[in-house]
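S.K.: Okay, handing you the structure first.
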Amino acid sequence: MKFIIKLFPEITIKSQSVRLRFIKILTGNIRNVLKHYDETLAVVRHWDNIEVRAKDENQRLAIRDALTRIPGIHHILEVEDVPFTDMHDIFEKALAQYREQLEGKTFCVRVKRRGKHEFSSIEVERYVGGGLNQHIESARVKLTNPDVTVHLEVEDDRLLLIKGRYEGIGGFPIGTQEDVLSLISGGFDSGVSSYMLMRRGCRVHYCFFNLGGAAHEIGVRQVAHYLWNRFGSSHRVRFVAINFEPVVGEILEKVDDGQMGVVLKRMMVRAASKVAERYGVQALVTGEALGQVSSQTLTNLRLIDNVSDTLILRPLISYDKEHIINLARQIGTEDFARTMPEYCGVISKSPTVKAIKAKIEAEEENFDFSILDKVVEEANNVDIREIAQQTQQEVVEVETVSGFGPNDVILDIRSVDEQDDKPLKVEGVDVVSLPFYKLSTKFGDLDQSKTWLLWCERGVMSRLQALYLREQGFENVKVYRP
């Protein structure tokens, strides 16, 4: 099988040296992502495209899907590469490829040509289009908005029959810009802002401030791992978790009610800046949107920024909530965000929307900054690739089974779309569907006399959810890995 990778247009307008660097980085990223599917595949870069050739036909759909999620790719073409002798030979090969698709449809032919030939692209379009129109009685030519566009590419003595075109996510290849640290909470905003910086070519590390126990951290780990695995797995990134409960306790005890929200955000920026400096990261990323909550007014945002010299990027600053939720739905983080455990330990009864710098600084004089230094020093830093392994260690008390007993039921916790695409059927045992984002509210409604074997494709989500359910007191939970 063969895929032609078309570059994001902004890459093609760069200077020659920058363009070559971007293409080289994108080629490496593609290799890093696809080696998990087929170690023998070949990735070859050219000036205006990248070729991917693989032998394992069983991995075709997986490879195609992975390519559409790699930043820097505008679209991909799935092609059949064949030799040709003349223009009539091109027509015959196009007829064999497209006959069934064109029956009863309107169509047009579009040709791109590279190399020296005795014919032009327009001449090929007319010849092939006329031939298809004559040989397929139910088809007719329509040059504007046809049902089917027959895409052909002629390169020297090779004909590329384009079997399908699939849109990528665009943007710049990860690694072409510098690293950033995303302050991730697991909600709609931080997930979308992290994705937007990945799409713009940044390697995104994650910093999580734990305000409320293990359940919240488990949920945020799921989001971070999902984002990395789906859009950024070409690079290693860090997941840094900071236990912020001591800081929250100090704020509740020492800070005036109306100033708590701004002070908490300033403490988070201070802590994140220390982490960024430790690992040589150039900027922080937050999901703040102007006016969304009391701490996100211009006055308050300026005061929050003042505590650090580190650049703070806010890609969602002008977005409304509906737009953010729509983006979360597109990238697949909406279900995580809707069911994310929330912690409301620092909510002022009357938060200020226009904090005064002198007053904020006076409140912070009462704060014991050694507490902040201590929690940063004790921060848990893991390679995001190890989250699955670490989760496996943490849920060692949750048994992993490959078979099943008479009282066991397999619980498929994949999303509804994944279940529809690839239904799970296991002979000799019942399979019940309950998407992971409904477990926290619906698992208790299931028959608790049964033993539930949680299953997902890779096993990461099932282990995380098993740990969560165990913490909620459910002992009838195991992880199913056939």
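Using the three backbone atoms N, Cα and C, a Cβ is placed for every residue, glycine included.
The shown structure was predicted, so the numbers you read here are calculated from the model rather than taken from an experiment.
As annotated in Swiss-Prot:
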type     : residues                               : note
DOMAIN   : 61-165                                 : domain 'THUMP'
BINDING  : Leu183, Ile184, Lys265, Gly287, Gln296 : ATP binding site
DISULFID : Cys344-Cys456                          : disulfide bond
DOMAIN   : 404-482                                : domain 'Rhodanese'
ACT_SITE : Cys456                                 : active site, cysteine persulfide intermediate
S.K.: Would you mind listing, in sequence order, the residues at least six apart from Gly287 (ATP binding site) in the same chain with a Cβ closer than 8 Å to its Cβ?
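M.R.: Sequence-distant Cβ neighbours: Leu183, Ser185, Gly187, Phe188, Asp189, Ser190, Gly191, Val192, Ser193, Arg314, Leu316, Ile324.
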S.K.: Let me know the model's mean pLDDT on the domain 'THUMP' (61-165).
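M.R.: On average, pLDDT over the domain 'THUMP' (61-165) sits at 93.
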S.K.: Taking DSSP three-state, what's Leu183 (ATP binding site) in: helix, strand or coil?
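M.R.: Note: Leu183 (ATP binding site) is in a strand by DSSP.
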S.K.: For Cys456 (disulfide bond), what is the tally of other C-beta atoms lying within 10 angstroms of its C-beta?
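M.R.: Result for Cys456 (disulfide bond): 22 neighbouring Cβ atoms inside 10 Å.
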S.K.: Using C-alpha atoms only, work out the spacing between Ile184 (ATP binding site) and Cys456 (disulfide bond) and round it to an integer in Å.
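M.R.: Per the Cα atoms, Ile184 (ATP binding site) and Cys456 (disulfide bond) stand 24 Å apart.
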S.K.: Just jot down the residues in the same chain as Lys265 (ATP binding site), at least 6 apart in sequence, with C-beta under 8 A of its C-beta; none if empty.
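M.R.: Result: Ser295, Asn300, Ile304.
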S.K.: On the Cα atoms of Leu183, Ile184, Lys265, Gly287, Gln296, which are listed as binding ATP, what is the maximum pairwise distance in Å?
M.R.: 16
S.K.: Taking every protein chain shown into account, which of the binding-site residues Leu183, Ile184 has the largest tally of Cβ atoms within 10 Å of its Cβ?
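M.R.: Of the binding-site residues Leu183, Ile184, the highest Cβ count within 10 Å belongs to Ile184.
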S.K.: What is the separation, in Å, between the Cα atoms of Gln296 (ATP binding site) and Cys456 (disulfide bond)?
M.R.: 38
S.K.: Which state, by DSSP, holds Gln296 (ATP binding site): helix, strand or coil?
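M.R.: Where Gln296 (ATP binding site) sits, the three-state DSSP reduction gives helix.
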